[in-house]
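Everything below concerns the one structure shown next.
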């Protein structure tokens, strides 16, 4: 505990430096959090009114740490990066201290040693609202699909097209992928294929699966102290470089969903550093999963998240991308966004 406190004291000094740096960045835009229902109670986009749905002060916060190289940590150490440049563990602890009334989830995966698992358990004991959820404790079979089925469906669809409109390169590529899967692992699925490369696709894919479960993930994992969470509830995912400075309060989001938007040099883009949903199996995320089930090489960020959101809210794409980013953006004055951009991300 003394070790945690000493580290936390050091990091508070760094937090003040980061705040000073961010205050000098003219492209950082935030607004005051919505702590009471807006007078209109809805927002319009692409000619449709969407209700502003609440995420109350007990909606769990979720951080994620998937570690592909646990050996870089001590055998009895918490396997989450915690350096002066990248104080990710301290950011999580900081959130648990500020948001004492909320459950703070840490969604983890990796070939951890017995001592590292024990250290994660000790973290839960020291901060009673922190709940460590192991990826292996959750069942995702209801969201899975065999790769052979995905490939065969795409081959049938492509071959049904006229020769002039058919993408022959894609067709041949899918046929080759089907041949490889049938030869090497006919039972391979969308989920098992994302366990091969322990990189950002692995990280992004399982984040989306967790968000489909929402607060049900805590109940499924049997975490104590979560009895107050309602089945079918949502959660707020934060990258570990997102720094809380105060409580988030109750949030009101269009149809109960919002994500982080990066704004740099007059360019905006949807980012998965923050994803908030007010319910499990949000239809926008289900739409993205349908895209993953229908594409031969779906990407969990570009297809599942970005395209899934756009198809759900603006299927005909009558609104431009910037307008959609403005509509779906998660904003809050009590979060310093993407602090690793001030140093360098150490997740690799």
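Using N, Cα and C of the backbone, Cβ positions are placed for all residues, glycine too.
Taken straight from Swiss-Prot:
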- 64, 65, 66, 88, 237, 238, 239, 240, 338, 340, 345, 346, 347, 348: UDP-N-acetyl-alpha-D-glucosamine binding site (BINDING)
- 241, 338, 340: Mn(2+) binding site (BINDING)
- 271: active site, proton acceptor (ACT_SITE)
Residue 237 (UDP-N-acetyl-alpha-D-glucosamine binding site) and residue 271 (active site, proton acceptor), compared by Cα position, are separated in whole Å by 12
Would you kindly give the Cα-Cα distance separating residue 271 (active site, proton acceptor) and residue 64 (UDP-N-acetyl-alpha-D-glucosamine binding site), rounded to the nearest Å? 15
Which has the fewest other CB atoms in a 10 Å radius around its CB: 66, 237, the listed binding-site residues? 66
Rounded Cα distance, in Å, between residue 241 (Mn(2+) binding site) and residue 338 (UDP-N-acetyl-alpha-D-glucosamine binding site) is 5
